[in-house]
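Enquirer: The structure is given below, and queries will be raised subsequently.
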Amino acid sequence: MAKAKFERNKPHVNIGTIGHVDHGKTSLTAAITKVLGFLGSAEYKAYDQIDAAPEERERGITINTSHVEYQTETRHYAHVDCPGHADYVKNMITGAAQMDGAILVVSAADGPMPQTREHILLSHQVGVPYIIVFLNKCDMVDDDELIELVEMEVRELLSSYEFPGDDTPIIRGSALVALESTSTDINSPEYAPIVALMKEVDNYIPTPERATDKAFIMPVEDVFSITGRGTVATGRVEKGIVKVGDEVEIVGLMEAPKKTVVTGVEMFRKLLDQAEAGDNIGALLRGVQRTDIERGQVLAKPGSIKPHTYFEGQVYVLTSAEGGRHKPFFNGYRPQFYFRTTDVTGVIEIPEGTEMVMPGDHITMKIKLITPIAMEEGLKFAIREGGRTVGAGNVSKIIE
């Protein structure tokens, strides 16, 4: 069957849900597709369709990022449902990097929890520019004053991570009430909070200025082979434009970049002549074996970005209250560094005269990776150890 062409008639925005486990991120995502489905601009995806990876069902928690798409009257959205559980912060780091704005889901019954804080911190570190709050499960709280208190707490938390807490839109509602309603009228009261939320998302999150005029780069998230056609690399175009027939380089996780040609581009299972910054795509690559390319590398315009192993980074070390280390670390500390979609072990050199680095410190340090990563100044990374985030930073200077 021939694939339909993807129509680019509305501005495209990438958003996602973040927040503590069981506060209702996936239910809210399902409710948005249900309500916008009444306008004919979304396909309703039930909770268990979004929560779809096999290992998720047994635990009832979301592990991988799920992508859904929908439209409002003014925009086309790609929505990622980000993992909420602390074990899966690793995926949050790769998922949150794909957001022009985020919907922070907070249960009105529980208020902000440890992962609420962690996700706000991560959003700040990976550069999610806007956060809107959906205060979920309001049907479970009878006392308005309690909801007011939760709202104040959330605003303070946002402000403490440099988001404009006082001006952040907060919508109260219940995703479950919207999901359980049998009404097909979008004006039903149980759908009002979802309608109000999407209106705020339309208005508060600006249409991103896409970096389309910059050199093409796409971090590789996944790779698979299509029999008879070749190898496809999937990911979100970070900058620039890629056209069918363009020469690109595979950069990172190896000494020298490899050249190839993009022979096909598709998005949401539809073929495109070209893809631009912000698009989640699959790129078909000429003459590339399934084993020649892997998650953590990037596709880039030839010569535009180089692989490096040694750099200076500005680093913030999390406190134990933020889920970080309880103890300091010293010169020669070897954690994992998460860049874009993968982790690489590196060795830390702390500045002369500094004996150790304490939780809560903000420090400039040199980092030597064991494998090269496609790198430019300003690139963000997270520092991880034993499955948890212990620091965050960005590349301030490339040494070699």
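Here the Cβ of each residue, glycine as well, is placed from N, Cα and C on the backbone.
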Enquirer: Tell me which range among 81-84, 209-212, 293-296 Swiss-Prot lists as region 'G3'.
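Expert: Checked against Swiss-Prot: region 'G3' maps to 81-84.
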Enquirer: Per Swiss-Prot, which of 60-64, 275-279, 330-334, 375-379 is region 'G2'?
Expert: 60-64
Enquirer: Which is it, of 48-51, 136-139, 200-203, 312-315, that Swiss-Prot names as region 'G4'?
Expert: 136-139
Enquirer: For Gly19 (GTP binding site), just count the other CB atoms lying within 10 A of its CB, please.
Expert: 27
Enquirer: Other than its close neighbours in sequence, what residues sit by the region 'G4' (136-139), given a CB gap under 8 Å and a spacing of at least six beyond its ends?
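Expert: Sequence-remote neighbours of the region 'G4' (136-139) are 23-24, 27-28, 105-109, 147, 172-177, 193.
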Enquirer: Taking only the Cα atoms, work out how far Cys138 (GTP binding site) lies from Thr26 (Mg(2+) binding site), in Å, as a whole number.
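Expert: Counting only the Cα atoms, the answer is 16 Å.
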Enquirer: Validating a neighbour-count step here. Other CB atoms within 10 A of the CB of Cys138 (GTP binding site): how many?
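Expert: Summing over all protein chains shown, Cys138 (GTP binding site) has 21 other Cβ atoms within 10 Å.
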Enquirer: According to DSSP, collapsed to three classes, what secondary structure does Gly19 (GTP binding site) have?
Expert: strand
